[in-house]
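Copied from TrEMBL, the annotated features are:
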- ARG75: pyridoxal 5'-phosphate binding site (BINDING)
- ARG97, SER98, GLN105, ARG319: substrate binding site (BINDING)
- ARG277, ARG410: tRNA binding site (BINDING)
- LYS290: N6-(pyridoxal phosphate)lysine (MOD_RES)
Amino acid sequence: MNAKNASLAEQLVPSTYVQQGMTAIRSREKLITTLLAQRRLPDEGWDNASVEMLLQTLSAMDSNNFQGSAGAGEREARVFSPLVARRHFGLAHGVGRSGDVAAVQPKAAGSSLIVQLANALAKDVLHLAGMRAVKAALVLPVATGMSLMLVLLHLKNLKPNARYVIWPRIDQKSCFKSILAAGLTPLVLANVLVEEDGNSGGYLKTDLVGMAALMDEYGSENILAVSSTTSCFAPRAYDRVKEIAKLCLERGIAHVINNAYGVQASTCVHQIETAMRTGRVDAVVQSLDKNFLVPVGGAIVCSTSREVIDNVAKLYPGRASATPMLDFFITMLQMGKNEYRRLLEERKHLAAYMREKLEIVAMEEGERVLHVSSNEISFALTLATFCSEVEDRQEKSRRLTLLGAMLFSRGVSGARVVSCLDCKTIAGHEFISFGAHYDEFPVAYVTFACALGMKRSEVDLLVTKLRKIMHEWRANEKKTPDSSIDLYRL
(Lines of atoms letter the chains of each structure in order from A; the text may use other names.)
(Lines give C-alpha, C1' and ligand atoms only; values in the text may rest on other atoms or scores of the structure.)
Protein backbone atom coordinates (compact mmCIF):
# COMPACT_ATOMS: atom_id res chain seq x y z
CA MET A 1 0.00 0.00 0.00
CA ASN A 2 1.46 3.33 -1.08
CA ALA A 3 1.07 6.72 0.64
CA LYS A 4 -1.92 7.76 -1.48
CA ASN A 5 -3.81 4.58 -0.70
CA ALA A 6 -3.02 5.03 2.99
CA SER A 7 -4.39 8.55 2.86
CA LEU A 8 -7.59 7.30 1.24
CA ALA A 9 -7.84 4.55 3.84
CA GLU A 10 -7.77 7.18 6.59
CA GLN A 11 -11.14 8.43 5.27
CA LEU A 12 -12.60 5.05 6.23
CA VAL A 13 -10.60 4.03 9.32
CA PRO A 14 -9.07 6.25 12.03
CA SER A 15 -5.65 7.48 10.92
CA THR A 16 -3.88 6.11 13.99
CA TYR A 17 -4.95 2.60 13.04
CA VAL A 18 -3.95 3.06 9.40
CA GLN A 19 -0.54 4.41 10.39
CA GLN A 20 -0.01 1.49 12.74
CA GLY A 21 -0.80 -0.88 9.89
CA MET A 22 1.47 1.02 7.52
CA THR A 23 4.32 0.75 10.03
CA ALA A 24 3.88 -3.03 10.06
CA ILE A 25 3.90 -3.14 6.26
CA ARG A 26 7.00 -0.92 6.07
CA SER A 27 8.87 -3.18 8.49
CA ARG A 28 8.35 -6.08 6.08
CA GLU A 29 9.22 -3.92 3.08
CA LYS A 30 12.43 -2.93 4.87
CA LEU A 31 13.42 -6.61 4.99
CA ILE A 32 13.00 -6.78 1.22
CA THR A 33 14.97 -3.56 0.73
CA THR A 34 17.83 -4.92 2.84
CA LEU A 35 17.82 -8.20 0.88
CA LEU A 36 17.96 -6.44 -2.49
CA ALA A 37 20.69 -4.07 -1.32
CA GLN A 38 22.94 -6.47 0.60
CA ARG A 39 22.12 -9.78 -1.16
CA ARG A 40 23.06 -11.74 1.93
CA LEU A 41 21.32 -14.02 4.40
CA PRO A 42 19.39 -12.10 7.05
CA ASP A 43 20.78 -12.42 10.56
CA GLU A 44 17.40 -13.62 11.81
CA GLY A 45 15.06 -15.71 9.70
CA TRP A 46 11.94 -14.17 8.19
CA ASP A 47 8.44 -15.19 9.23
CA ASN A 48 6.01 -16.80 6.78
CA ALA A 49 4.11 -13.58 6.09
CA SER A 50 7.25 -11.69 5.06
CA VAL A 51 8.39 -14.47 2.72
CA GLU A 52 4.94 -14.80 1.16
CA MET A 53 4.72 -11.03 0.70
CA LEU A 54 8.00 -11.07 -1.23
CA LEU A 55 7.04 -14.08 -3.34
CA GLN A 56 3.62 -12.68 -4.23
CA THR A 57 5.25 -9.40 -5.25
CA LEU A 58 7.83 -11.16 -7.41
CA SER A 59 5.19 -13.44 -8.89
CA ALA A 60 3.14 -10.40 -9.94
CA MET A 61 6.17 -9.26 -11.98
CA ASP A 62 6.00 -12.35 -14.23
CA SER A 63 3.98 -11.97 -17.45
CA ASN A 64 1.68 -14.94 -16.76
CA ASN A 65 0.28 -12.98 -13.81
CA PHE A 66 -0.23 -9.66 -15.64
CA GLN A 67 -3.80 -8.39 -15.82
CA GLY A 68 -5.22 -7.84 -19.28
CA SER A 69 -2.32 -9.47 -21.14
CA ALA A 70 -2.55 -11.80 -24.15
CA GLY A 71 -0.03 -14.61 -24.33
CA ALA A 72 0.61 -15.46 -27.97
CA GLY A 73 3.60 -17.75 -27.60
CA GLU A 74 3.96 -21.51 -27.29
CA ARG A 75 5.17 -21.23 -23.69
CA GLU A 76 3.17 -18.75 -21.65
CA ALA A 77 3.38 -20.37 -18.19
CA ARG A 78 -0.23 -21.53 -18.27
CA VAL A 79 -1.09 -23.82 -15.37
CA PHE A 80 -4.32 -25.85 -15.32
CA SER A 81 -4.41 -26.80 -11.64
CA PRO A 82 -4.95 -24.07 -9.04
CA LEU A 83 -3.26 -26.37 -6.53
CA VAL A 84 -0.13 -26.56 -8.68
CA ALA A 85 -0.21 -22.78 -9.22
CA ARG A 86 -0.38 -22.19 -5.46
CA ARG A 87 2.41 -24.70 -4.85
CA HIS A 88 4.67 -22.59 -7.07
CA PHE A 89 3.37 -19.19 -5.86
CA GLY A 90 2.33 -18.48 -9.46
CA LEU A 91 5.96 -18.68 -10.63
CA ALA A 92 5.60 -20.88 -13.71
CA HIS A 93 8.22 -19.60 -16.17
CA GLY A 94 11.07 -21.56 -14.64
CA VAL A 95 14.61 -20.21 -14.69
CA GLY A 96 17.08 -19.27 -17.39
CA ARG A 97 16.82 -19.16 -21.16
CA SER A 98 17.80 -21.65 -23.83
CA GLY A 99 21.44 -20.59 -23.77
CA ASP A 100 22.04 -19.96 -20.07
CA VAL A 101 20.35 -21.36 -16.97
CA ALA A 102 21.17 -18.14 -15.07
CA ALA A 103 20.03 -15.71 -17.78
CA VAL A 104 17.30 -13.11 -17.23
CA GLN A 105 13.92 -13.89 -18.84
CA PRO A 106 12.16 -10.91 -20.45
CA LYS A 107 8.76 -12.38 -19.57
CA ALA A 108 9.72 -13.22 -15.99
CA ALA A 109 11.35 -10.36 -14.11
CA GLY A 110 10.26 -11.79 -10.76
CA SER A 111 11.59 -15.28 -11.42
CA SER A 112 14.82 -13.78 -12.75
CA LEU A 113 15.24 -11.79 -9.54
CA ILE A 114 14.88 -14.99 -7.52
CA VAL A 115 17.64 -16.61 -9.61
CA GLN A 116 20.06 -13.77 -8.94
CA LEU A 117 19.20 -13.54 -5.25
CA ALA A 118 19.42 -17.31 -4.74
CA ASN A 119 22.90 -17.38 -6.27
CA ALA A 120 23.97 -14.48 -4.06
CA LEU A 121 22.60 -16.24 -0.96
CA ALA A 122 24.39 -19.44 -2.00
CA LYS A 123 27.72 -17.63 -2.07
CA ASP A 124 26.98 -15.97 1.26
CA VAL A 125 26.04 -19.20 3.06
CA LEU A 126 29.20 -20.90 1.77
CA HIS A 127 31.21 -17.98 3.17
CA LEU A 128 29.33 -18.41 6.44
CA ALA A 129 30.28 -22.10 6.53
CA GLY A 130 33.95 -21.21 6.02
CA MET A 131 34.58 -21.24 2.26
CA ARG A 132 35.69 -17.61 2.11
CA ALA A 133 37.71 -18.05 -1.08
CA VAL A 134 34.53 -18.62 -3.13
CA LYS A 135 34.01 -15.77 -5.59
CA ALA A 136 30.88 -17.04 -7.35
CA ALA A 137 28.17 -19.64 -6.81
CA LEU A 138 25.42 -21.08 -8.98
CA VAL A 139 22.32 -22.94 -7.82
CA LEU A 140 21.59 -25.64 -10.37
CA PRO A 141 18.21 -27.42 -10.75
CA VAL A 142 19.92 -30.82 -10.88
CA ALA A 143 21.46 -32.89 -8.09
CA THR A 144 25.15 -33.53 -7.39
CA GLY A 145 25.94 -36.10 -10.09
CA MET A 146 24.50 -34.09 -12.99
CA SER A 147 26.13 -30.93 -11.66
CA LEU A 148 29.51 -32.68 -11.65
CA MET A 149 28.88 -33.72 -15.24
CA LEU A 150 28.21 -30.11 -16.29
CA VAL A 151 31.46 -28.98 -14.65
CA LEU A 152 33.40 -31.72 -16.45
CA LEU A 153 31.80 -30.74 -19.77
CA HIS A 154 32.95 -27.16 -19.21
CA LEU A 155 36.50 -28.36 -18.56
CA LYS A 156 36.31 -30.62 -21.62
CA ASN A 157 35.61 -27.56 -23.79
CA LEU A 158 38.82 -25.98 -22.50
CA LYS A 159 40.95 -29.08 -23.10
CA PRO A 160 39.22 -31.10 -25.84
CA ASN A 161 42.02 -33.60 -26.41
CA ALA A 162 42.16 -34.73 -22.79
CA ARG A 163 39.89 -37.70 -22.09
CA TYR A 164 40.92 -39.08 -18.70
CA VAL A 165 39.68 -38.19 -15.23
CA ILE A 166 41.58 -39.48 -12.19
CA TRP A 167 39.02 -40.63 -9.66
CA PRO A 168 40.10 -41.73 -6.16
CA ARG A 169 37.72 -44.59 -5.54
CA ILE A 170 34.51 -43.95 -3.65
CA ASP A 171 31.79 -46.55 -3.90
CA GLN A 172 28.98 -44.23 -4.85
CA LYS A 173 27.54 -44.52 -8.34
CA SER A 174 26.48 -41.00 -9.31
CA CYS A 175 29.92 -39.37 -9.13
CA PHE A 176 31.40 -42.22 -11.19
CA LYS A 177 28.59 -42.00 -13.74
CA SER A 178 29.06 -38.24 -14.03
CA ILE A 179 32.46 -38.92 -15.60
CA LEU A 180 31.00 -41.45 -18.03
CA ALA A 181 28.05 -39.19 -18.90
CA ALA A 182 30.50 -36.42 -19.83
CA GLY A 183 32.04 -38.80 -22.38
CA LEU A 184 35.25 -39.18 -20.40
CA THR A 185 37.26 -42.17 -19.20
CA PRO A 186 37.75 -42.65 -15.45
CA LEU A 187 41.12 -43.76 -14.10
CA VAL A 188 40.15 -45.44 -10.83
CA LEU A 189 42.75 -44.78 -8.15
CA ALA A 190 42.76 -47.28 -5.28
CA ASN A 191 42.80 -45.89 -1.76
CA VAL A 192 45.48 -46.67 0.82
CA LEU A 193 44.46 -48.71 3.87
CA VAL A 194 45.88 -47.38 7.14
CA GLU A 195 45.51 -50.24 9.61
CA GLU A 196 44.90 -49.90 13.33
CA ASP A 197 47.51 -51.54 15.54
CA GLY A 198 46.61 -55.13 16.32
CA ASN A 199 43.07 -54.85 14.92
CA SER A 200 41.42 -55.61 11.61
CA GLY A 201 40.05 -52.59 9.83
CA GLY A 202 41.39 -49.06 9.85
CA TYR A 203 40.65 -46.19 7.52
CA LEU A 204 41.20 -45.31 3.86
CA LYS A 205 43.10 -42.29 2.56
CA THR A 206 44.14 -40.87 -0.81
CA ASP A 207 47.11 -42.48 -2.54
CA LEU A 208 49.02 -39.35 -3.58
CA VAL A 209 52.00 -41.36 -4.82
CA GLY A 210 49.69 -43.44 -6.99
CA MET A 211 48.00 -40.29 -8.29
CA ALA A 212 51.32 -38.76 -9.34
CA ALA A 213 52.24 -42.05 -11.01
CA LEU A 214 49.00 -42.00 -13.05
CA MET A 215 49.76 -38.45 -14.13
CA ASP A 216 53.21 -39.54 -15.27
CA GLU A 217 51.88 -42.63 -17.03
CA TYR A 218 49.08 -40.97 -19.00
CA GLY A 219 50.60 -37.50 -19.34
CA SER A 220 49.19 -34.22 -18.06
CA GLU A 221 48.12 -33.26 -21.56
CA ASN A 222 45.80 -36.29 -21.71
CA ILE A 223 44.31 -35.95 -18.23
CA LEU A 224 41.41 -33.52 -18.00
CA ALA A 225 40.89 -33.45 -14.25
CA VAL A 226 41.07 -35.06 -10.87
CA SER A 227 37.61 -35.64 -9.38
CA SER A 228 38.17 -35.80 -5.63
CA THR A 229 35.62 -36.42 -2.88
CA THR A 230 35.32 -35.00 0.61
CA SER A 231 32.16 -36.13 2.40
CA CYS A 232 31.75 -39.90 2.20
CA PHE A 233 30.89 -43.04 4.14
CA ALA A 234 33.39 -44.21 6.74
CA PRO A 235 35.90 -45.81 6.84
CA ARG A 236 36.94 -43.65 3.89
CA ALA A 237 38.48 -40.36 4.98
CA TYR A 238 38.09 -37.13 3.03
CA ASP A 239 40.37 -37.03 0.02
CA ARG A 240 43.50 -35.02 0.71
CA VAL A 241 42.24 -32.10 -1.33
CA LYS A 242 44.98 -29.69 -0.25
CA GLU A 243 47.74 -31.98 -1.52
CA ILE A 244 45.73 -32.87 -4.65
CA ALA A 245 45.21 -29.17 -5.39
CA LYS A 246 48.97 -28.53 -5.23
CA LEU A 247 49.66 -31.52 -7.46
CA CYS A 248 47.09 -30.33 -10.01
CA LEU A 249 48.56 -26.83 -9.97
CA GLU A 250 52.04 -28.19 -10.64
CA ARG A 251 50.87 -30.49 -13.46
CA GLY A 252 48.37 -28.16 -15.14
CA ILE A 253 45.43 -30.49 -14.47
CA ALA A 254 41.97 -29.33 -13.43
CA HIS A 255 40.56 -30.28 -10.03
CA VAL A 256 36.87 -30.77 -9.23
CA ILE A 257 35.75 -31.50 -5.66
CA ASN A 258 32.62 -33.52 -4.95
CA ASN A 259 31.58 -31.97 -1.65
CA ALA A 260 28.11 -33.56 -1.63
CA TYR A 261 27.30 -33.08 2.05
CA GLY A 262 30.51 -31.50 3.32
CA VAL A 263 29.30 -27.92 3.85
CA GLN A 264 28.01 -28.97 7.28
CA ALA A 265 31.42 -30.28 8.43
CA SER A 266 33.92 -27.66 9.61
CA THR A 267 37.05 -29.77 9.01
CA CYS A 268 35.90 -30.58 5.51
CA VAL A 269 35.20 -26.94 4.69
CA HIS A 270 38.57 -25.87 6.11
CA GLN A 271 40.40 -28.36 3.91
CA ILE A 272 38.58 -27.11 0.81
CA GLU A 273 39.27 -23.49 1.73
CA THR A 274 42.98 -24.26 2.15
CA ALA A 275 43.04 -26.15 -1.15
CA MET A 276 41.45 -23.19 -2.95
CA ARG A 277 44.01 -20.75 -1.56
CA THR A 278 47.15 -22.86 -1.96
CA GLY A 279 46.54 -24.98 -5.05
CA ARG A 280 44.17 -25.53 -7.95
CA VAL A 281 40.46 -26.09 -7.42
CA ASP A 282 38.36 -25.32 -10.48
CA ALA A 283 34.96 -26.01 -8.94
CA VAL A 284 33.27 -27.50 -5.88
CA VAL A 285 29.84 -29.15 -6.03
CA GLN A 286 27.56 -29.58 -3.03
CA SER A 287 24.03 -30.91 -2.61
CA LEU A 288 21.15 -28.66 -1.59
CA ASP A 289 19.09 -31.24 0.28
CA LYS A 290 21.91 -32.66 2.41
CA ASN A 291 23.38 -29.31 3.48
CA PHE A 292 20.38 -26.98 3.64
CA LEU A 293 17.37 -29.11 4.60
CA VAL A 294 15.36 -28.79 1.38
CA PRO A 295 13.84 -31.48 -0.88
CA VAL A 296 16.10 -33.41 -3.25
CA GLY A 297 16.76 -31.92 -6.67
CA GLY A 298 19.39 -29.20 -6.65
CA ALA A 299 23.06 -28.44 -6.09
CA ILE A 300 25.42 -25.50 -5.69
CA VAL A 301 28.49 -25.19 -7.90
CA CYS A 302 31.01 -22.70 -6.57
CA SER A 303 34.44 -21.52 -7.66
CA THR A 304 37.15 -18.97 -7.07
CA SER A 305 36.54 -17.92 -10.69
CA ARG A 306 33.41 -16.09 -11.88
CA GLU A 307 34.24 -17.21 -15.43
CA VAL A 308 33.99 -20.89 -14.50
CA ILE A 309 30.52 -20.41 -13.01
CA ASP A 310 29.31 -18.39 -16.00
CA ASN A 311 30.50 -21.07 -18.41
CA VAL A 312 28.86 -23.88 -16.43
CA ALA A 313 25.57 -21.94 -16.48
CA LYS A 314 25.79 -21.59 -20.26
CA LEU A 315 26.23 -25.35 -20.71
CA TYR A 316 22.81 -26.21 -19.30
CA PRO A 317 20.58 -27.05 -22.30
CA GLY A 318 17.35 -25.10 -22.19
CA ARG A 319 15.29 -23.60 -19.40
CA ALA A 320 14.93 -25.37 -16.09
CA SER A 321 12.55 -25.90 -13.21
CA ALA A 322 12.62 -23.16 -10.60
CA THR A 323 11.57 -25.52 -7.80
CA PRO A 324 15.01 -26.41 -6.33
CA MET A 325 16.11 -22.78 -6.46
CA LEU A 326 12.85 -21.54 -4.95
CA ASP A 327 13.04 -24.11 -2.13
CA PHE A 328 16.58 -22.99 -1.34
CA PHE A 329 15.70 -19.29 -1.56
CA ILE A 330 12.74 -19.61 0.83
CA THR A 331 14.69 -21.79 3.26
CA MET A 332 17.65 -19.43 3.46
CA LEU A 333 15.34 -16.47 4.15
CA GLN A 334 13.52 -18.34 6.90
CA MET A 335 16.65 -19.90 8.39
CA GLY A 336 18.91 -16.86 8.49
CA LYS A 337 22.56 -16.78 9.54
CA ASN A 338 22.05 -17.33 13.23
CA GLU A 339 19.90 -20.43 12.82
CA TYR A 340 22.28 -21.97 10.27
CA ARG A 341 25.20 -21.39 12.62
CA ARG A 342 23.20 -23.03 15.40
CA LEU A 343 22.40 -26.05 13.22
CA LEU A 344 26.07 -26.47 12.28
CA GLU A 345 27.13 -26.33 15.92
CA GLU A 346 24.35 -28.67 16.99
CA ARG A 347 25.38 -31.26 14.41
CA LYS A 348 29.01 -31.05 15.51
CA HIS A 349 28.16 -31.74 19.17
CA LEU A 350 25.66 -34.43 18.23
CA ALA A 351 28.26 -36.27 16.13
CA ALA A 352 30.49 -36.61 19.20
CA TYR A 353 27.51 -37.86 21.22
CA MET A 354 26.60 -40.36 18.51
CA ARG A 355 30.12 -41.75 18.36
CA GLU A 356 30.17 -42.12 22.14
CA LYS A 357 26.89 -44.06 22.12
CA LEU A 358 27.96 -46.29 19.21
CA GLU A 359 31.22 -47.10 20.98
CA ILE A 360 29.25 -48.32 24.00
CA VAL A 361 27.20 -50.66 21.80
CA ALA A 362 30.35 -51.79 20.00
CA MET A 363 32.06 -52.63 23.28
CA GLU A 364 29.04 -54.64 24.43
CA GLU A 365 29.13 -56.64 21.19
CA GLY A 366 32.88 -57.15 21.09
CA GLU A 367 33.20 -54.75 18.16
CA ARG A 368 34.79 -51.35 17.48
CA VAL A 369 33.90 -48.03 15.91
CA LEU A 370 36.65 -47.47 13.36
CA HIS A 371 38.74 -44.36 13.94
CA VAL A 372 38.55 -42.08 10.89
CA SER A 373 39.83 -38.76 12.18
CA SER A 374 38.95 -36.61 9.17
CA ASN A 375 35.41 -37.94 8.71
CA GLU A 376 33.13 -35.97 11.02
CA ILE A 377 29.81 -37.20 9.67
CA SER A 378 29.94 -40.96 9.07
CA PHE A 379 30.79 -43.74 11.54
CA ALA A 380 31.58 -47.39 10.85
CA LEU A 381 30.87 -50.04 13.48
CA THR A 382 32.63 -53.34 12.75
CA LEU A 383 30.78 -56.66 12.41
CA ALA A 384 33.81 -58.91 12.91
CA THR A 385 32.03 -61.28 15.31
CA PHE A 386 28.94 -61.58 13.09
CA CYS A 387 29.05 -64.71 10.88
CA SER A 388 32.70 -65.21 11.78
CA GLU A 389 32.27 -68.98 11.48
CA VAL A 390 30.59 -68.91 8.04
CA GLU A 391 33.05 -69.70 5.26
CA ASP A 392 30.81 -69.46 2.19
CA ARG A 393 31.15 -65.85 0.93
CA GLN A 394 27.72 -65.65 -0.64
CA GLU A 395 25.98 -67.01 2.45
CA LYS A 396 27.98 -64.74 4.74
CA SER A 397 27.07 -61.72 2.64
CA ARG A 398 23.40 -62.72 2.73
CA ARG A 399 23.35 -63.06 6.51
CA LEU A 400 25.16 -59.78 7.09
CA THR A 401 22.88 -57.96 4.68
CA LEU A 402 19.94 -59.29 6.67
CA LEU A 403 21.09 -57.15 9.59
CA GLY A 404 20.70 -54.07 7.41
CA ALA A 405 17.26 -55.23 6.29
CA MET A 406 16.23 -55.70 9.92
CA LEU A 407 17.37 -52.17 10.75
CA PHE A 408 15.37 -50.72 7.86
CA SER A 409 12.24 -52.76 8.65
CA ARG A 410 12.37 -51.50 12.26
CA GLY A 411 12.46 -47.86 11.19
CA VAL A 412 16.20 -47.16 11.02
CA SER A 413 16.82 -45.58 7.61
CA GLY A 414 20.18 -44.56 6.17
CA ALA A 415 22.24 -47.27 7.88
CA ARG A 416 24.30 -49.41 5.49
CA VAL A 417 25.72 -52.86 6.13
CA VAL A 418 28.85 -53.46 4.04
CA SER A 419 29.81 -57.12 3.89
CA CYS A 420 33.01 -56.43 1.88
CA LEU A 421 32.13 -59.59 -0.08
CA ASP A 422 30.06 -58.18 -2.94
CA CYS A 423 31.24 -57.16 -6.40
CA LYS A 424 29.52 -54.73 -8.73
CA THR A 425 30.17 -53.83 -12.36
CA ILE A 426 29.37 -50.29 -13.50
CA ALA A 427 29.74 -49.55 -17.21
CA GLY A 428 32.31 -52.31 -17.58
CA HIS A 429 34.32 -51.36 -14.50
CA GLU A 430 34.40 -54.02 -11.78
CA PHE A 431 34.47 -52.94 -8.14
CA ILE A 432 35.49 -55.66 -5.69
CA SER A 433 34.03 -55.33 -2.18
CA PHE A 434 31.67 -52.68 -3.50
CA GLY A 435 30.54 -50.34 -0.76
CA ALA A 436 33.85 -50.54 1.10
CA HIS A 437 35.80 -48.21 -1.26
CA TYR A 438 38.62 -50.79 -1.24
CA ASP A 439 39.31 -54.29 -2.58
CA GLU A 440 39.01 -56.88 0.19
CA PHE A 441 38.55 -54.51 3.12
CA PRO A 442 39.44 -56.73 6.10
CA VAL A 443 36.23 -56.46 8.15
CA ALA A 444 32.50 -56.07 7.54
CA TYR A 445 30.81 -53.07 9.11
CA VAL A 446 27.66 -50.99 9.35
CA THR A 447 27.72 -47.24 8.78
CA PHE A 448 25.65 -44.47 10.32
CA ALA A 449 25.70 -40.75 9.59
CA CYS A 450 25.10 -37.77 11.85
CA ALA A 451 23.91 -35.24 9.29
CA LEU A 452 22.50 -31.73 9.60
CA GLY A 453 19.08 -31.65 11.23
CA MET A 454 19.43 -34.90 13.17
CA LYS A 455 18.12 -34.74 16.74
CA ARG A 456 19.51 -36.18 19.95
CA SER A 457 16.31 -38.18 20.36
CA GLU A 458 16.99 -39.85 16.99
CA VAL A 459 20.46 -40.90 18.14
CA ASP A 460 19.01 -42.37 21.32
CA LEU A 461 16.32 -44.23 19.37
CA LEU A 462 18.90 -45.49 16.86
CA VAL A 463 21.11 -46.90 19.61
CA THR A 464 18.16 -48.55 21.37
CA LYS A 465 16.98 -50.22 18.17
CA LEU A 466 20.50 -51.19 17.10
CA ARG A 467 21.20 -52.91 20.39
CA LYS A 468 17.90 -54.81 20.26
CA ILE A 469 18.29 -55.85 16.62
CA MET A 470 21.85 -57.08 17.13
CA HIS A 471 20.67 -59.25 20.03
CA GLU A 472 17.78 -60.61 17.95
CA TRP A 473 20.06 -61.30 15.01
CA ARG A 474 22.49 -63.29 17.18
CA ALA A 475 19.63 -65.19 18.86
CA ASN A 476 18.17 -66.20 15.52
CA GLU A 477 21.59 -67.22 14.23
CA LYS A 478 21.83 -69.70 17.09
CA LYS A 479 18.33 -71.03 16.41
CA THR A 480 18.82 -71.36 12.64
CA PRO A 481 22.35 -72.53 11.94
CA ASP A 482 21.06 -73.89 8.62
CA SER A 483 20.81 -70.26 7.45
CA SER A 484 17.03 -70.32 7.11
CA ILE A 485 16.57 -66.93 8.78
CA ASP A 486 13.43 -65.20 7.57
CA LEU A 487 13.26 -61.44 7.97
CA TYR A 488 9.48 -61.47 8.19
CA ARG A 489 9.52 -63.81 11.18
CA LEU A 490 11.73 -61.50 13.21
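Each residue, glycine too, has its Cβ placed from N, Cα and C.
These figures come from a predicted structure and were not determined experimentally.
Between the alpha carbons (Cα) of ARG410 (tRNA binding site) and GLN105 (substrate binding site) lies a span of roughly 49 Å.
When the Cα of SER98 (substrate binding site) is compared against those of the recorded positions ARG75, ARG277, LYS290, the shortest separation belongs to ARG75. In terms of C-alpha distance, the listed binding-site residues ARG75, ARG97, ARG319 place ARG319 closest to LYS290 (N6-(pyridoxal phosphate)lysine). The 10 Å shell around the Cβ of the residue listed as 'N6-(pyridoxal phosphate)lysine' contains 24 further Cβ atoms across the protein chains shown. Reported as a whole number, the C-alpha separation between ARG277 (tRNA binding site) and GLN105 (substrate binding site) equals 35 Å. Using a 10 Å Cβ-Cβ cutoff, GLN105 (substrate binding site) registers 19 neighbours. Same-chain neighbours of the substrate site beyond ARG97, SER98, GLN105, ARG319, judged by a C-beta within 8 angstroms of the site's C-beta center, are, in sequence order, GLY94, VAL95, GLY96, GLY99, ASP100, ALA103, GLY318. In this structure, the binding-site residues ARG277, ARG319 were compared by how many other Cβ atoms lie within 10 Å of their Cβ, and the smallest count belongs to ARG277.
Rounded to a whole number, the C-alpha distance linking ARG75 (pyridoxal 5'-phosphate binding site) with ARG319 (substrate binding site) is 11 angstrom. Of all the binding-site residues given, namely ARG75, ARG97, the one with the smallest number of surrounding CB atoms inside 10 A is ARG75. Under the DSSP three-state reduction, ARG277 (tRNA binding site) is assigned to helix.
The highest number of surrounding Cβ atoms within 10 Å, among the binding-site residues SER98, ARG410, is found at ARG410.
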